[in-house]
Every structure is written in structure tokens, then in C-alpha cells.
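Please read the structure below before turning to the comments.
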Amino acid sequence: MNQNRSLFAKLADGSLVLQIILGIIAGVALASFSPSSAESVAFLGDLFVGALKAIAPILVFILVAASIANQKKNTKTNMRPIIVLYLFGTFAAAITAVTMSFLFPTSLVLVSGAQGATPPEGIGEVLNTLLFKVVDNPVNALMTGNYIGILAWGVGLGIALHHASENTKTVFADVSHGVSQMVRFVIRLAPIGIFGLVANTFAATGFEAIAGYAQLLAVLLGSMLIIALIINPLIVWFKIRRNPYPLVFTCLRESGVTAFFTRSSAANIPVNMALCEKLDLHEDTFSVSIPLGATINMAGAAITITVLTLAAVHTEGIQVDILTAILLSVVAAVSACGASGVAGGSLLLIPLACSLFGISNDVAMQVVAVGFIIGVIQDSAETALNSSTDVLFTAAACEAAERQAEI
């Protein structure tokens, strides 16, 4: 019995990143030697992602309400600089994707269109959807994972309870800590969940289906790597005025790896919040900025929209001037910020961007279908970039504010 306890204690206290790496290796090995067995453990990944998605909405709601209710007077949350970083980072990603697409023009072998997919008719529809998400029924927002609505109601309840008795505030703070403990338990299950996700992905898909789109993937992933390893560190250095790479690699390692395999910014919210606590960031700040980032900080989505749209443009033989390319960057950045308001995310915003160049909806939907084919890598990398950047920019803004306060 004591031996079993010591084994569990070692697992609980061991390096989570190392355990995740072992889970990845085990998943690849199982898929290589026994694909049928690999598919049978897919439920482990589904359970892990399901648990994260289940706990994330209530975590966000309780944390936001508790942090605002317990916020002391004259406490700065640094939200304005974080939002500026989110928006600037998304626009920089779109510009980078345009540059890469011009340097390495890609043509597509188009397939049949994505079935059952309904793209938004324009940017107005995307923004309209986001606006109505704010006034969603709070119970429905929690049930459906509508983080815009959850944030709005959490902020509203927090403000309403700001003048409540200390006992009431203490109850909310205690519930917040309790939910956080549940999140830590779920996150410790990440190695098992990622083992199931990796095994199933390799067994069901492999790399045969995406081998024909190697150049497109190279442009997509190259753009994302440039943002993650060059542009984002430059932005962070500008804010904190020191070597940004230790922080960058911490965020990529502890947030990006999990996000890559869960392929869900919402599911990665608890992971990001735990990382923010580990980095000793201000809870009043990250309890709002992390779920907000999961909604509007979409550098990866901006890259996907831009690269696939320009691939369609090159396929159709359309000439693009600089002004149109800049306009595409703006549209891609704004659309990406609304990607959470569209079923299907960034891929279904491609027809909207394609309409700038007069590309028919039929062709645009074929490009969307290509996106679904390469989605196993594209969506994973996009989510990893989006989610890890949420923590990175939050940490940069908090550190910059602390440095200014000391001056």
C-alpha cells in the first residue's frame, strides 16, 4: 500500500512536461506497432479534453467574479496594455503571413468543398455574432462555453459583489481556490490524455493525407514559427527590456505543448491559468486576460486565413498589389479576433477574405476543404501559438507594469 502511495506521489510531484513527452513517445510507438490498439485508447484523450472543457467555463466565471469582488481600491489590472498586445500581435501575424506568401507563392490542387459548412456573409455578421454572445443567457453561456458571455456575466457579478460583506467575498474566494484545485488535478492527467490523443491521431491519419500539401504547410508553420520565435520575443523585449526568450520558451513548453495536442484554446484556459500562478502573476489580471485572450488573441488564426486566402489567389492567377495585401492583413486580423464567434473557427473565415479578390464561394469552400485536410497539423500549431501567446503577453504586461512602478 505504501509502495503504491509512493509511486503516485512520485508521479504527482514529477515533471509534468517530461511526463507529457513520454506520453507523446508512447502514443507514437503504439500507433506505429498496433494502429487498432491506438484507436482503442482514443477515449483517454477524449476524456482529458472533455474534463478540461467542462471545468474551464466555471473556472473562468468564478475566478473573474471572485477577483473583481475582492479587488482592492486603486489596484491596477493592466488590461489595456494586454489588449493592445493581443491586437498588435494578431495584426503582426497577418503581415508576416502576407510576406511569407509573397516570398513562397503556393498553388493548391483543389478538392471538393467542405460539406455542411456555412461561412459568414461578411465581417458585420462576425462582429454581430460576437456582440450577441455578450448578452447570452449566463447558464447557456456556461453550458456552451461562450467565454465572451461568461466574461461579461463574471465581470458584472464581480462588480455587483464588490460592496458585499467580507463573508460573501470570502465564500467566493474559497470557491475560487476549490475550483483551482480541481483544475490542478485535471492538468496532472495531461500525460495520459495526450497519450490517447497522439495515439489516435497517428493511427487514424498518419501523414499520408497531408504529404501532398507540404509547401502550404511549410509556409503556414514557417509563419507561425517566425511569430513565436522572432516577432513575439521582439514585442516582449520592447515591453520588459530584458532577454525575452526564457519567458517565451516557458510559455511554449508549458502552454503550447498541451494546446498543440488538445487543439482547443478553451480547453487550455485552465493550463494557462495554472502557468500564470506559477509565474506569480496578479490574479486580478490573468483571471480576465487569459479567457479574453482565448477569444480575441488569434495570431495563428490570422496566419491561417491569410496564407490560405493568398494560396487561393495564386491558384486563380490573380495579381495582388501592396495596398490590397495590407487590406487583407487588416481583414484577416479583425476576422481572426472574431474566429471564436464562428462555428469552424478560422477556416470558415477564409471565404470572407477570398471575397476581397472576387474569388467565387465555390472555390473558397474548396480551399476550406484543403484546410480541413491539413487541419491535424494546422489547427494544432495554430492553437499552440494562440494559447501560449495569451500567457506570454499577460506576463510581459505584468512585468512591465511592475518595472514602471519601481521607477
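Note that Cβ sites are derived from N, Cα and C of the backbone, with glycine treated the same way.
So that you can see what the record holds, here are the features copied from Swiss-Prot:
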| type | residues | note |
| --- | --- | --- |
| TRANSMEM | 14-34 | transmembrane segment |
| TRANSMEM | 48-68 | transmembrane segment |
| TRANSMEM | 82-102 | transmembrane segment |
| TRANSMEM | 141-161 | transmembrane segment |
| TRANSMEM | 192-212 | transmembrane segment |
| TRANSMEM | 216-236 | transmembrane segment |
| TRANSMEM | 290-310 | transmembrane segment |
| TRANSMEM | 322-342 | transmembrane segment |
| TRANSMEM | 357-377 | transmembrane segment |
Paired segments the transmembrane segment (357-377) and the transmembrane segment (48-68) in contact, 3+ CB pairs under 8 A:
no
Considering only Cβ pairs under 8 Å, which range in 14-34, 48-68, 216-236, 290-310 makes the most contacts with the transmembrane segment (82-102)?
290-310
Please indicate, using numbers and ranges, the residues of the same chain that are 6 or more beyond the transmembrane segment (141-161) and have a C-beta under 8 Å from a C-beta there.
53, 56-58, 60-69, 71, 130, 133-135, 168-169, 172, 266, 269, 288, 291-292, 294-295, 340-341
